[in-house]
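J.: Let me give you the structure first, and then I'll get to my questions.
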Amino acid sequence: MIRFLLFISLLIPPSLAKGGHHRGPEPQPQTQPAAKKWPTLSGQPPLVVARGGFSGLFPESSSFANALAGQLKSTDVVGLSCSLQLTKDGIGICVSDIRLDNATTISMVFPKDAKTYNVNGQEVKGWFAVDYMSDVITKNVTLVQNSLSRPNQFDGLFPVSTIEDVAMGAKPSVFWLNVPYDAFYTEHKVSMADFVEKAMRLMPVHIISSPEIGFLKIMNGKVDKAKTKVIFEVLGSDAVEPTTKQKYGDIIKDLAAIKTYASGILVPKGYIQPVDTNNYLGNPTTLVADAHKLGLEVYASGFANDIPTSYNYTYDPISEYLQFINDPQNCIDGLLTDFSPTASATIACFTNNETGKPKPGKSLIITHNGASGVYPGCTDLAYEQALTDGADIIDCSVQMSKDGVAFCLDSADLTGDTTAVPTFVSRSTTIPEIQKEKGVFSFDLTWSEIQTLKPQMVSPFGQAAGYKRNPAAQNLGKFMTLTDFLEFSKTKGVSGILINIENAAYLASKKGLDIVDSVTKALSNATFDKQQTQQVLIQSDDTSVLSKFQGVPAYKRLLRIPEVIGDAPKPTVETIKKYADGVVLSRPSLIEVKNGFTKAQTNVLDEMHKANISVYVCVFRNEFVSLAFDFFADPTVELATYVAALEVDGVITEFPGTASRYMRSPCVDLNSQVAIMPAEPGSLLTQVPPTALPPASAPNPPLEVADVVDPPLPPVAKISTDSPPNTPNTPNAPGPSKSMAVTAKSNFGLGLAAIMALSLLSMGFY
């Protein structure tokens, strides 16, 4: 217990900690503006109910899950739910699945006890609470995480919780008791109705729900309706309700009949906002409006940050919550979620704040290939979307065609970001100076040949891993030359641009292409070198490239350090200062991540800032598999950690809309009444038993001077059109680029459990 209290103190800044308190089922959050009236039946904000506590992180209904849900909240009221199962001696425990083996260690403790029962017309094999006395379960069986995408390091640490543990121990503001299997227990001579009636006399039960109409009709006559609500839980449209033998899809059509035995409905979120077979949003139904007309409350279930649903949400859980609470005509009265901190923060921070402006002094929002999480990278559509989303600075990674046309694309290898493979696979080559893999390279194709290609939407996690990005835009958009990009930036009046230059030495010595000269002339022709209104950031991993831009006041030079580093010694920092005004670092160079958990903050940021070197961090992505567990599968929590807590100078992101919404919100300020709470590096890891972790690995290496300084750029070779192809073994060829050297580390944000999840997912959503 002492260790857990220390954990809570690490996670909760004093200004954000709020104690829970008992109250009736009508929430009155005091953190919301007093003047705002919500379009819910009560006029109050939607009720956030933590399904089994913070079950997205800890095993469902464990003591940690329940306590953390009560602490990590941005609204005054967050409820806790318990799905009730009854033991052989009639004691209530909280486990959502009637098969205890799906969420506990019971199958390992009693391996021969599996039984098969008929449960609502289905033959179900497993371990059932009704076969065990309560003390056998509470003393011998422990809880486990039942989702592969979630940390399993806490498995076996917590006993199964009784209903008293949750209602009386955690003391939630609202206690929601779900009774999913009344008919089954009745067949086994155990009365759910009697148990719940007794429980209401001993503890506050604010909401009772069940998918069984017979049970609800019994309870509707027993509850004090001023203290307890009765909610009808609607299951899948083709599932059969045990009492009436009707399909739930048919029952929900008669809301007036439901009103006779329930004060509200709990429905899967698809009943309100359908998602089509292609995983895009359809038109909202009228269910919420129809129910509200009859005085029925509407609660939605199925929310979890780590379960992708629609491409429209761009893997951003806050976008999904807003879909259900920010529409005055379709605002639900509450929701059940595995990640209550995100839902609570959405209500407190992001409703009706679209017109807010980014807070002054906060980090710059810099794109990575434009809004490449929404449209194919470095296309006109990606840049347009980035500006719509509120990016401060848009970027162009400059590549060169064979005939010397500079254009924007993430990589010189065209096989990923374009449709080059079908047409030009015969032109593929291996160039160790660029990358280990074979590729079709831009400098081997003329610009007219490149223009025959289409952009291609790519996911950094692999196209078949279940995390595709906006397939409807798979090949949309147009490539932009550097000149077009600069003209676009001028016309749109963007705050600034970032120009990334790589492979300059190879292009000069092996291809006769002067990428530095091409960029210099293009910037000058667009008069970016003679103005101060738009920021111009010149980025490269080569100090010799940055030296070419020295002495131009309009330019700010950024040294990209692709390696993951653990320290920045003073001599190295002083050397960087000679070449650059800022550095671009990977996220784990500031916060070390091991086995999916943040481990500690490095001193790299402090050392750079002491030398007046700006620090920009890359690459931020929304997909939960790129996030450490400490960030709760919520990209906004990660942003808050780097922006509000660490105070980096800029974030480089593929989803500028997510960053911009956070920057505009009132919760970006940690000193405000409500704030998005940053993660405390290493705090979650302190709760993991040492036996659950692999052997300690070596720390990330420090950045040495030799890692920073590059040799002078070679002269631009004169390449004749009839010369034989260049080979990597040519004398004086430049060595492997820094970009290639860290290819294996490109997915540095992936945690152990995330990698497991990726390996098990099939194409599409799960």
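Quick reminder: no glycine exception, Cβ is built from N, Cα and C everywhere.
Features from TrEMBL:
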COMPBIAS  691-702  compositional bias 'Pro residues'
COMPBIAS  703-724  compositional bias 'Low complexity'
COMPBIAS  725-734  compositional bias 'Pro residues'
DOMAIN    46-347  domain 'GP-PDE'
DOMAIN    363-663  domain 'GP-PDE'
REGION    18-38  region 'Disordered'
REGION    687-739  region 'Disordered'
SIGNAL    1-17  signal peptide
J.: Find the average pLDDT over the domain 'GP-PDE' (46-347) in the predicted model and report it.
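T.: Averaged over the domain 'GP-PDE' (46-347), per-residue pLDDT gives 96.
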J.: State the residues, same chain only, that lie 6 or more residues beyond the ends of the compositional bias 'Pro residues' (691-702) and have a CB under 8 A from a CB inside it; answer 'none' if no residue qualifies.
T.: 152-155, 563-569, 572, 588-589, 592, 594-595, 602
J.: When the compositional bias 'Pro residues' (691-702) is classified with DSSP, how many of its residues are helical, how many are strand and how many are coil?
T.: 2 helix, 1 strand, 9 coil
J.: Let's see if you can do this one: DSSP helix, strand and coil counts over the compositional bias 'Low complexity' (703-724), in that order.
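T.: Secondary-structure composition of the compositional bias 'Low complexity' (703-724): 4 helix, 0 strand, 18 coil.
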